[in-house]
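First up is the structure itself, then whatever we jot down about it.
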């Protein structure tokens, strides 16, 4: 039986020598050519076309068989697909790599995450509907009075922090601390009555995203005026008196003799 020569013998004589353009010729000039660049071997069922030059009909059987062997070897060689791999191609592979499973979040134990959340704050001053400013009256009390000129420097600057609470379209939960002081407005029950007070806190722990409910007020905006409703005692509001230099307190009526409307001025 006749032995078919390997590619390294006769076929190398017809090899072009260019790695980027591999082809085999029957004889001399490129009469018959099979280039890697011309073959897209990505489809497994794709065939290879073999072009025969009839001018070389007198070539020997060994050379003809060598060409066929070379073509078969080229056909079996793994040639990269020229198509560029894109992001959408990766998305088709993900379902085969990862298995989708539902994730259940236990919201009962998320206090630590809420505590670590950053707190957004701003500095501001507040004046009631009669343009009375809020100033300190003793170490733990605020009062409302009219200020003018240089006396305006006496008014309290609040650090308003946006905290966790029952937020809605018209209510934004906030905490009201005094700037540069470890004091926060809080609502507690004294003598069976909701009462407003200034409470001292540890600056290492305050402000925080999840404040205790006694520190939380629902900021409500109505006709460019602000109201501050106690989250601990609904329908009770930060209030001032019609009279001058009276303490700021927690009142249970709106639109009556007590003033519950305020304007806010931002402070840099």
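Note: Cβ is positioned from N, Cα and C throughout, glycine not excepted.
Now, the feature entries from Swiss-Prot:
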SITE      171  site 'Important for interaction with integrin'
SITE      179  site 'Important for interaction with integrin'
SITE      181  site 'Important for interaction with integrin'
SITE      190  site 'Important for interaction with integrin'
SITE      204  site 'Important for interaction with integrin'
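Features recorded in Swiss-Prot, as mapped to the structure shown.
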residue: 171; record: site 'Important for interaction with integrin'; Cβ neighbours (10 Å): 17
residue: 179; record: site 'Important for interaction with integrin'; Cβ neighbours (10 Å): 15
residue: 181; record: site 'Important for interaction with integrin'; Cβ neighbours (10 Å): 16
residue: 190; record: site 'Important for interaction with integrin'; Cβ neighbours (10 Å): 9
residue: 204; record: site 'Important for interaction with integrin'; Cβ neighbours (10 Å): 6
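Looking at residue 190 (site 'Important for interaction with integrin') and residue 181 (site 'Important for interaction with integrin'), their Cα atoms lie 24 Å from each other.
In the three-state DSSP scheme, residue 190 (site 'Important for interaction with integrin') falls into the strand class. Counting only the Cα atoms, the space from residue 171 (site 'Important for interaction with integrin') to residue 179 (site 'Important for interaction with integrin') is about 23 angstrom. For residue 179 (site 'Important for interaction with integrin') paired with residue 204 (site 'Important for interaction with integrin'), the C-alpha to C-alpha distance reads 15 Å. Look at residue 179 (site 'Important for interaction with integrin'): DSSP puts it in coil.
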